[in-house]
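TrEMBL lists 12-143, 155-285 with the feature domain 'EamA'. Among the features that TrEMBL reports, transmembrane segment is placed at 36-52, 72-93, 99-120, 127-147, 211-234, 246-263, 269-286.
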Amino acid sequence: MYNRLFSPTSSALGAALFFGASTPFAKQLVGQMSPLLLAGLLYAGSGIGLLFTRLAKDRGWRHSGIVKGDWIWLLGAIGFGGILGPILLMFGLQQISAASASLLLNLEAVFTALLAWFVFRESTAYRIMLGMFLIVVGGILLSWPYSNTTQENILGAVTVTGACLCWGIDNNLTRRVSAGDPFFIAGSKGLVSGTVSTSLALSLGMSFPHWLTGCYVLLIGFIGYGASLVLFVFALRGLGTARTGAYFSTAPFIGAAIAILFFHETTSVLFWIAATLMGIGIWLHLTEHHEHEHTHEPFAHSHSHIHDDHHQHKHDFPWDGKEPHIHYHRHEFMKHSHPHYPDIHHRHKHK
């Protein structure tokens, strides 16, 4: 889908903003219900909200933009990120402290980048790797426990690490389908994950909270998970997986800043060190300039687009001239040079 309102970079930072902002509000509800049920309702709010948003936006049900060969990637992303990841996380939270879990959750960005670079062969640069490193270190400092922790179950640490690996796989698989409708992709993840987590919680004897509390959780899920994931998919389309993951890693800082402003939580020296490191990391990403002569091999796909330099195709159907529009179209061989990111049209190899 072509996005006139947000650039890929602002979409990635917006995704971090919504997700990070939701964390302090969700944290206030932890004592009122189990973590598993809370996660299920947050995901359910995401899926239900995006389903109705998509129906209202499109004035009915429209094609998702997911072609036949891409369904396996979407199903894999839902399986790893929407089912296996949350289950492993909830199991791990029962074995280790929340502080240790927060520290380990920074591994998601690491796994996302490593898989993107070494498995899916996404292009990178030294400044991007350095920026990623600084952002992750900032996240680790931000979630560093303030007091000595007791001896904890190693299995808990392993399962939380496994959850991060699942989400890293999820992010890379989602990139493969990021040309599709982000509302459909994010909504599908939310509905499946919400259904699985909520059903599992109920099967374990957990009960629903008061209906007002439940609606509040669903609203947080719609904004903090749903809107965040839609923007995340937009960013994946334009930036690639590793760069999007790096920007999204600033979410803990945003959450901590909101907790300080609205819930009057205390700050520490580590908070300001983390803020500085993350700021430098983001600056390294924002100032990246990647330009060289490259080729576009012939291929075909479907997504919302305008007729820019990369979309000079003809139409085999009546067209009223309105842009952007969406249809299945073919790209012919092209060689040129211009600044670019590893987006859906620039997944070429580098020497």
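Positions of Cβ are set from backbone N, Cα and C atoms, glycine also.
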Arithmetic mean of per-residue pLDDT over the domain 'EamA' (155-285): 89
Long-range neighbours of the transmembrane segment (127-147), counting only residues six or more past its ends (CB under 8 A): 97, 99-100, 102-103, 105-106, 109-110, 113, 242-243, 245-246, 249-250, 252-253, 256, 268, 270-271, 273-278, 280-285, 287-288
For the domain 'EamA' (155-285), residues assigned helix / strand / coil by DSSP: 111 helix, 0 strand, 20 coil
